[in-house]
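What Swiss-Prot says about this one:
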DOMAIN    5-232  domain 'Radical SAM core'
BINDING   Arg14, Lys61, Thr90, Lys150, Arg255, Leu256, Arg257  GTP binding site
BINDING   Cys21, Cys25, Cys28  [4Fe-4S] cluster 1 binding site
BINDING   Tyr27, Gly65, Ser114, Met189  S-adenosyl-L-methionine binding site
BINDING   Cys250, Cys253, Cys267  [4Fe-4S] cluster 2 binding site
Amino acid sequence: MLIDRFGRPVTNLRISLTKECNLNCFYCHREGQLDGERTMKPEEIERIVRIASRLGIKKVKLTGGEPTIRKDIVEIIRRIRPYVVDLSLTTNGTTLYTLAEELKEAGLDRVNISLDTLDRKKYKMITGFDVLDQVIKGIEKATKLFYPVKLNMVVMRGINDDEIWDLIRFAGKVNAILQLIEIEVPREMENSQFFKDFFYPLKPLEEEFEKIAVEIRERRMHRRRKYFLPVDGKVVEVEVVRSMHNTVFCMNCTRLRLTADGYLKTCLLRRDDLIDILGPLRNGASDAELVDIFKRAVLMRRPYWT
């Protein structure tokens, strides 16, 4: 197993398959990626995952952009499935209604689906497209095939903070987990108008949840808290992702990232942490040399918030 200088094991690899997306959410951080021209081929992704698996990284999440707009998404899942124990995908849900069965058959375990609002006008304002009904159909299909299904709600002040309980009820209705996510930005953007306008702190909400939850659990990843809330005769699982200035969050991060253009990246918010792995792979690097690149990346890891 890979362990960084701060004693944090690295067990998860988050792979961006593309920087492109069929929506245009105004807040999207695009996994912290800069513009690049290279695109990893399925066999290249497979080899990198195989190396990662040898090093104890057994959980992989596929992201984007929107990963399902890649025509070879099913092939990619099928290729990397043998090397991992948990294979998940983060999606905006627009293609799920038609793709869900193929993704499941290829070996996908579970999905996270972005859903910031249940209001069609707001959805179009946030994403640029009027496709909420299509996404809801995809969510309903996914909950029949995958477990668990997580709905990702980025909470934004003045936009959807009034819908938190509506989303909790909806998650209960479709038997999904709701993840409430704070907007996160690097230090240099904390004084930006964007952050001032839209950041909605979730700590007060967690305090409210603590009073009414029938059960509270803590995940190993980031020490995120999961609240089991009684709503409309059901118990709904709500997970809170609160990263800004959260030192506990950073000290319990077990992730390494792989950008769509083939760089290992140690932290979403850093801009100085890219290590090229696709270039050496294409230039004939041996497995041992690729292992060394992973080890170098892990040695570069350090908590962002300290």
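Going from the start of the chain as shown, residues are counted 1 onward.
Even glycines carry a Cβ here, placed using N, Cα and C.
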Next item on the list: If we count other C-beta atoms within 10 Å, could you say which of the binding-site residues Cys28, Cys250 has the fewest?
Entry: Cys28
Note to self: Under a three-state reading of DSSP, tell me whether Met189 (S-adenosyl-L-methionine binding site) is helix, strand or coil.
What the structure shows: helix
Note to self: Using the CB centroid of Cys250, Cys253, Cys267 as the [4Fe-4S] cluster 2 site centre, which other residues of the same chain sit with their CB within 8 A?
What the structure shows: Phe249, Met251, Arg255, Thr266, Leu268, Leu269, Arg301, Arg302, Pro303, Tyr304, Trp305
Checklist line | Nearest recorded site to Cys25 ([4Fe-4S] cluster 1 binding site) by CA-CA distance, among binding-site residues Gly65, Cys250, Arg257 | finding: Gly65
Checklist line | binding-site residues near Lys150 (GTP binding site), in sequence order, restricted to Tyr27, Cys28, Ser114, Met189, Cys253 and a 10 Å Cα cut-off | finding: Ser114
Item checked: Chain-internal residues, separated by at least six, CB under 8 A from Met189 (S-adenosyl-L-methionine binding site) -> Phe195
Checklist line | Overall pLDDT of the domain 'Radical SAM core' (5-232), taken as the mean | finding: 96
Note to self: Tell me the coarse DSSP state (helix, strand, coil) of Arg257 (GTP binding site).
What the structure shows: strand
Next item on the list: Can you tell me how spread out the S-adenosyl-L-methionine site is, meaning the largest CA to CA distance among Tyr27, Gly65, Ser114, Met189, in Å?
Entry: 23
Check: On a count of neighbouring CB atoms within 10 A, which of the binding-site residues Cys21, Cys25, Cys253, Leu256, Cys267 is highest?
Finding: Leu256
Item checked: Winner by Cβ contact number (other Cβ atoms within 10 Å) across the binding-site residues Arg255, Arg257 -> Arg257
Check: So which binding-site residues are near Leu256 (GTP binding site), with CA atoms within 10 Å, out of Cys21, Gly65, Ser114?
Finding: none
Notebook entry, point to check: Around Thr90 (GTP binding site), how many other CB atoms lie within 10 A of its CB?
Noted result: 20
Next item on the list: Write out the long-range same-chain contacts of Lys61 (GTP binding site), meaning residues 6 or more apart in sequence whose Cβ is under 8 Å from its Cβ.
Entry: Asn12, Leu13, Arg14, Ile15, Leu87, Ser88, Leu89, Thr90, Asn112
